[in-house]
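Not my notes, these are from TrEMBL:
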| type | residues | note |
| --- | --- | --- |
| DOMAIN | 21-153 | domain 'Lactate/malate dehydrogenase N-terminal' |
| BINDING | G27, V28, G29, K30, I31, G32, D52, N114, V137, A138, N139 | NAD(+) binding site |
| BINDING | R101, R107, N139, R167 | substrate binding site |
| DOMAIN | 165-314 | domain 'Lactate/malate dehydrogenase C-terminal' |
| ACT_SITE | H191 | active site, proton acceptor |
Amino acid sequence: MNVEKSLIYFRMHIYTRDSMVKIAFIGVGKIGQTIAYSVIFDGLASEVILYDIIPELPEKFEHELRHAMATRGLSTEVIGTNSLDDVANADIILIMAGKPRKPGMSRRDLFVDNAKIQIDLAKQLPPRNPGALYIMVANPVDMMASVFMRFSKQLTISTGDTVETMRMRSYISKKLKVPVTKVTGYVAGEHGEDAVVLWSTVKVNGKPFEEVAKGVTKEEVENYVKSIPGEIIRVMGGTTWGPATIIKDIVRAIVLNEGRVMSIATPRTYKDEIIHISVPIVVGAEIGPSLEGVLPESDKERLNKSVEDFYKVYKENLDHLLQVIKQ
Ligand SMILES: NC(=O)c1ccc[n+]([C@@H]2O[C@H](COP(=O)([O-])OP(=O)(O)OC[C@H]3O[C@@H](n4cnc5c(N)ncnc54)[C@H](O)[C@@H]3O)[C@@H](O)[C@H]2O)c1
Ligand SMILES: O=C(O)C[C@H](O)C(=O)O
């Protein structure tokens, strides 16, 4: 696949009354279950496949979902399975399969263990799911998307900084006591340590952040965005409700062809690799164009630094991984 820019145009089913969308969830632990539930209860899929390696987990989760759907009269066809053979002909495949980090860990610490899972899935999923769009959730999510796409040659996006974007907006909303719908703006770069708040895009009631940020500093906002997931993991054992709802909205934007600007990570060619970096981009039945080209130099410089750092760390990890799997 020749991916020259971060703009991707791909056609896929547009969810209308007469076209059905089949969505597969690979890894139905904490975040996978919450995303699947949210997708079904938003009416975004006509058929859902739940796959995990834990015996009976997908099947029992299927029962749970059927019980919940019964009270709402929902007729989504749900199948829980421990066999990858059953994951076939899906339109969208979300991959949550992977270890989560423990308190004190960086997402990047998960690279080798979770990359091995993605390489295995990259071999097994595409033959049975021609033309599927893959949405990576497992961390380090952008690097896992790059690994999966490298080994599968299939169109893969990462949930990227959609999560940081909503964390940033919610924090500013709370601190300035304004409705979150009055806060706009995006976070870009890598999901995690190298996330970059695109301050030129951040506005409150239509005014630039600097003009209205009474007593709230940019550093404070950036620290919150980067530290809050680790704090939630420390106390609650994992992040679920926030990311799952946000990730469900990525699926919603695609399936309902909403054309919503979201900071997902799309593939781009950088030096000798395809890497996944988040920039605000139009998300619908087609993905693109992105706002990257219209960012001011101040934001572009910080974003480019994040891209360079991502590539350096990714390449080091990838080269190490290739040595490990050759052994
Ligand atoms: N992108 C985001 O914003 C975001 C948000 C939350 C969690 N995550 C990431 O998602 C991943 C899962 O997090 P979680 O909290 O659900 O963890 P979890 O341990 O609750 O669930 C992971 C699930 O993956 C399954 N699994 C492992 N290997 C598998 C394989 N080869 N095939 C299929 N399933 C497999 C496990 O059996 C488990 O059920 C982690 O990497 C976590 O960091 C990302
Ligand atoms: O922080 C994590 O490890 C989970 C996820 O990447 C998140 O940002 O919620």
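Keep in mind that glycine also has a Cβ here, set from the backbone N, Cα and C atoms.
Here the structure is a predicted model, which means the values were calculated and not measured.
Could you tell me the structural context for the features on the list?
Neighbour density for V137 (NAD(+) binding site): within 10 A of its CB lie 24 other CB atoms from the protein chains shown.
Around R101 (substrate binding site), the same-chain residues at least 6 positions away in sequence with a Cβ under 8 Å from its Cβ are R107, D109, L110, N139, I233.
When pLDDT values are averaged over the domain 'Lactate/malate dehydrogenase C-terminal' (165-314), the model yields 97.
H191 (active site, proton acceptor) falls within neither a helix nor a strand when secondary structure is assigned with DSSP, and so counts as coil. Neighbours of H191 (active site, proton acceptor), defined as other CB atoms within 10 A of its CB across all chains, total 30.
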Taking the Cβ of R107 (substrate binding site) as the centre, how many other Cβ atoms fall within a 10 Å radius?
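Taking all protein chains shown, R107 (substrate binding site) has 22 Cβ neighbours within 10 Å.
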How many neighbouring Cβ atoms, not counting its own, are there within 10 Å of the Cβ of I31 (NAD(+) binding site)?
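Within a 10 Å radius of the Cβ of I31 (NAD(+) binding site) lie 25 other Cβ atoms.
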Going by DSSP, how much of the domain 'Lactate/malate dehydrogenase N-terminal' (21-153) is helix, how much is strand and how much is coil, in residues?
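Helix, strand, coil within the domain 'Lactate/malate dehydrogenase N-terminal' (21-153): 65 helix, 23 strand, 45 coil.
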Quick one: of the binding-site residues G27, I31, R101, N139, flag those whose CB is under 6 Å from ligand 2, and say none if nothing qualifies.
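Within range of ligand 2: R101, N139.
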Which residue, out of the binding-site residues G27, G29, D52, N139, shows the minimum number of other Cβ atoms inside 10 Å of its Cβ in this structure?
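Across G27, G29, D52, N139, these binding-site residues, the one with fewest Cβ atoms within 10 Å is G29.
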